[in-house]
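Below is one structure, written out as structure tokens; the observations come after it.
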């Protein structure tokens, strides 16, 4: 069973007419091996020293910002510090994310050490998140099996209490969802990234998860100690606000890599799903000046299909793959210095993409037109 494709567009841009007559759910006329063959050999090569140089760069910037914040400690400087440091926390996350994929280096031990240092510093349980993120990549685009921003089925959606529904579909709440996701996953799913016995993990992964949870606990203890010695308000300004901005970046970016394209994109079940078709529903984004800062994470389609490619080769790999992908590759809208153009796609998707059908092997997001009407009625 296939749900009818909604022909809906958001924003401006060339190619609207072509996109209206292109069915993104149609099985592609190429195989993943064809894409792999088109990608140059150098794109698969990992350079450990180059990867470490990015870590050094980001850590030096973070350290310099901390030193400047302590030195100035004025309300003139803090509003400049917060977005800068929050963005750098996000950059650290992306490098730890590469460690989790094994694209950082060919050494699992080095990947684990660097990943733990980077992710623990921003209160992310490295192995717990790494394993669930692997599940996301292995099942991207699958209604039930995907892990990141997975769509709610109509039954799950209608069983949500009003508060949960409002929190998920009313900005700014969704862009602060990540810490809650780490603790209890998404609605309709059970488990925690901190619990070694969670159903997210196999018995053989429990020791890794416990190690990461302990590292997370050590970092939290350090922050609590610093709050006692330096003052909770100062630590809120120094670490707490940048952490929240990092969370906003993470939710903003990960949501828009799987939602909010001008044309609604399919989600799959059953025999209609394949690794290739699921990966082709991801979306590249341009972030302007931020592209280099957050290590070209916007080149997301090729990253999803081949997560072992280092981030510094993703642009070359994407350029080479376009000839094979054809219309299945959606060229990102060019950004100004800051990616303010993406806000309209986030707003539109949050207001329209609420649930998918309980049945059907190819489904599209549907809209609950009563969502905010009912919420206002119940709150007044």
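Residue 1 is the first one shown; counting continues down the chain.
A Cβ is built for glycine as well, from the same backbone N, Cα and C atoms used for every other residue.
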Annotated transmembrane segment segment (source TrEMBL; candidates 59-78, 79-98, 99-118): 59-78
Matching range for TrEMBL feature annotation, transmembrane segment, among 189-208, 209-228, 269-288: 209-228
Among ranges 234-256, 303-325, 326-348, whichever one TrEMBL labels transmembrane segment: 234-256
